[in-house]
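This report refers to the structure that appears directly beneath it.
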There are 2 protein chains.
Amino acid sequence: MALATLVHPTGYHVASWLHPQAQADASTSIEYYQRVAQTAERGLFDLFFIADTPAARTSNLTAFSRMPLFMNVFEPVTLLSALSGATRHIGLGGTASTSFSEPYNIARQFASLDHLSHGRAAWNVVTSANDFAAKNFGLDRLPAHGDRYARAREFVQVVRQLWDSWEDDAFIRDRAQGLFFDPAKQHAVAHEGAHFRVNGALNIARPPQGRPVIIQAGASDTGRELAAETAEVVFASESTIEDGIGFYRDLKGRMPRHGRDPDQLKVLAGLPVLVAASRQEAEDMHAELQALIHPDVGRSRLAMDLEADLSGLDLDQPIPEERIPKSANFHQAYFNHIVQMIRVEKLTLRQLYLRYERGNKTIRGTAREVADQMQAWFEAGACDGFMLMFNLLPRDMEAFVDLVVPELQRRGLMRSLYEGRTLRENLGLIRPPHPRAAG
Amino acid sequence: MALATLVHPTGYHVASWLHPQAQADASTSIEYYQRVAQTAERGLFDLFFIADTPAARTSNLTAFSRMPLFMNVFEPVTLLSALSGATRHIGLGGTASTSFSEPYNIARQFASLDHLSHGRAAWNVVTSANDFAAKNFGLDRLPAHGDRYARAREFVQVVRQLWDSWEDDAFIRDRAQGLFFDPAKQHAVAHEGAHFRVNGALNIARPPQGRPVIIQAGASDTGRELAAETAEVVFASESTIEDGIGFYRDLKGRMPRHGRDPDQLKVLAGLPVLVAASRQEAEDMHAELQALIHPDVGRSRLAMDLEADLSGLDLDQPIPEERIPKSANFHQAYFNHIVQMIRVEKLTLRQLYLRYERGNKTIRGTAREVADQMQAWFEAGACDGFMLMFNLLPRDMEAFVDLVVPELQRRGLMRSLYEGRTLRENLGLIRPPHPRAAG
Ligand SMILES: Cc1cc2nc3c(=O)[nH]c(=O)nc-3n(C[C@H](O)[C@H](O)[C@H](O)COP(=O)(O)O)c2cc1C
Ligand SMILES: Cc1cc2nc3c(=O)[nH]c(=O)nc-3n(C[C@H](O)[C@H](O)[C@H](O)COP(=O)(O)O)c2cc1C
């Protein structure tokens, strides 16, 4: 099974930075990130992954000063480039928004990262999901969901063509003839679309992987359709095996219509996981962090994902129906999950924020219990692997690597060394042949 | 005196890649760049610098396959991020175009590089100078010179404000109070200009240098004016001491009008340099590379910088007057220099391409001869230091570090160790205080 890990500075838990073991300056310490990446590599993970949004909040700052997510972080492409020298095998995945950048710049930076890392780059294609980002790029608010995805689709098409600007063997460096490249092996892009006009060739050789791996995490119908067409790794966020199977089948079922082999897309189930010597210890470790969540933080996080104003509400009452918007523009899966918890489970605001984990269900327990659950998901056909999230870093990742990885290896579910030379090879993805290549 | 070096993969000489000692795959080998950067750091250079243009040529490919400049190179920000881990002291400068990117993305990546490198980032602000770049970003041709500079000026203003989004001590990480940052120390940008609307804050703490160092190399009046207003390092390309003094005085003379202290801008004279045990040996080494220049390459390079069509012309005749354009849109200094060589020196096309070195005059000789010339420029007030260019890498940089650096140290013109912790400190540039900081 494939393993990726989503790395937020001090951990995935919103209160992790308050924990005594958290490193205060983690978010801008390269030495810290090196240590975390090396731990993930020691655990033979396929992919080290950095989420992103190109914005800091500028309103409701008091609440955000208590949950500093993305307020002070390295930019992913620079961070991953720096990490390429501190690691040798693990894939380096980063998020870049199609809404606020240009295809040529993105294609170039990820191609460059792929060369720097000798074939370990992956790009998480997102359309972004907050108005703060839009305001940094000349807009008043985020474009509508459908428009963002239309741009994203065209963006990915152009980027893939740019990666194919040169055939694999274009740079012959023939000193006798005095030819650095074979002019016949450049294939300039000539793209005139609704969102972009790009006429030119990338100024870097075809990447070691042919094309860096494309990741997506869209949950909406439009998002799934784009993933079925273009993604090679998808992060899922279903919380039950049944829903996981449903998502898996739905997504892979869409691929043949795009002429794609379902095996060429790996679904990684989002998995917040906490392993300890005993179940109780794991529960206690989780409770310790939950107790650090400030009510303002609980309220703001819910408000953000519900796209609602929750100010002034009693923490010990349910959210009144009239505060719930009709539909979501940002993360539809998060939105639906919260609405369900309000309507079906009838939770109070406080219960809700303590239980809500962005659609994921944390697995807490011993190595055997954690491995059991992972095996169950994997063997049921609910995923091809997992996107692991750890409450507190590096502590919880180290425990996973030391305790769960050996258990998975014993069960024959995980490698005992990196067999592949590139991320694609480790994930079992083919290297896309150049469209003009003979044969 | 300050020393920077401009690093093209196999060297500054257009035929360097053909030399038997050149590393064939240098342009996409991070191990190669690490070695070159470490050599520069061994030489106690202030700055390792990467030029850039966001485009590969797509026409006249046969000629360009003989002079593969920028056809297959790492993207600078990713390359410098990777080099940050392989070096400890040397500044890391890279080019990014204001014509084809967004202020938020550039501000963020250079701030991130500054954090990754612990205060060693520098941004070379260019407006780009070829139509191939424009075509990659939705345009048919490069905007006019004045329009590019107007956008560049606004771009730099916004980037500097974004770097000041947070006061230096904004991120207090106060666990007792549960405050990661002090909300009063965020100062969101509210910019509404002719080219950009940016309303938001950068999502990374103020860089270690306060602001990454700003480099420029514009030679035109508009370029100089922007440099006088915003640059902290300027690459000059005058070829005589007299012209150097003129440029130096002109540029620094413009600064007080912008309320700036002339000492806060370092003029680095472009210096292609070749040192060997004897003068004759240096001349021979240069001649060896000159002999490798293919006539097509000589012709194309001149055509590019003269912005003229030189096809069909006899190599052993002067360029006819009617082929010379009235004025330049790309690099005015290069253009003027070529025109002068045609009109005043009456050179043939072949003589011209063999002599033309983009405005620079190579110094070739022994360590003492090279040091003499550098000292003469420096003491005459023609520069604050040099932007060194080496015909063939790493060979010629190694010779410089082994032979010329000790000679400069003996003369008291160069440090014997890095005294500063940041690029600014090494260059003698102040760390800009935050505009809102008290005191
Ligand atoms: C594991 C995971 C990581 C994600 N990372 C990012 C991210 O870095 N940036 C971002 O804007 N969205 C991120 N998302 C959100 C998705 O990309 C997507 O925007 C969201 O699920 C809404 O998709 P939809 O509009 O198709 O429903 C992530 C989602 C998941 C499950
Ligand atoms: C040492 C040096 C390095 C330069 N590097 C770049 C570069 O990387 N990219 C670029 O587009 N122009 C580069 N230039 C060109 C200048 O930035 C500038 O565009 C050119 O001199 C024309 O300026 P002007 O239009 O003000 O005359 C460089 C110039 C010099 C002297």
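Cβ coordinates come from backbone N, Cα and C, glycine included.
Listed in TrEMBL for this protein:
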- A:Asp52, A:Thr95, A:His145, A:Tyr149, A:Ser220: FMN binding site (BINDING)
- A:19-382: domain 'Luciferase-like' (DOMAIN)
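Here the features listed in TrEMBL are placed on the structure.
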residue: A:Asp52; record: FMN binding site; CB count, 10 Å: 22
residue: A:Thr95; record: FMN binding site; CB count, 10 Å: 20
residue: A:His145; record: FMN binding site; CB count, 10 Å: 19
residue: A:Tyr149; record: FMN binding site; CB count, 10 Å: 21
residue: A:Ser220; record: FMN binding site; CB count, 10 Å: 15
For A:Ser220 (FMN binding site), which of the three DSSP-derived states applies: helix, strand, or coil? coil
If you measure every Cα to Cα distance among A:Asp52, A:Thr95, A:His145, A:Tyr149, A:Ser220, the residues said to bind FMN, what is the biggest one in Å? 19
Is any of A:Asp52, A:Thr95, A:Tyr149, A:Ser220 (binding-site residues) within Cβ reach of ligand 1, i.e. under 6 A, and which? A:Asp52, A:Thr95, A:Ser220
Of A:Asp52, A:His145, A:Ser220, which binding-site residues come close to ligand 2, meaning Cβ under 6 Å from one of its atoms? none
Average pLDDT across the domain 'Luciferase-like' (A:19-382), rounded to a whole number: 95
A:Thr95 (FMN binding site): secondary structure state under DSSP, collapsed to three categories: strand
Sort A:Asp52 (FMN binding site) into helix, strand or coil using the DSSP assignment. coil
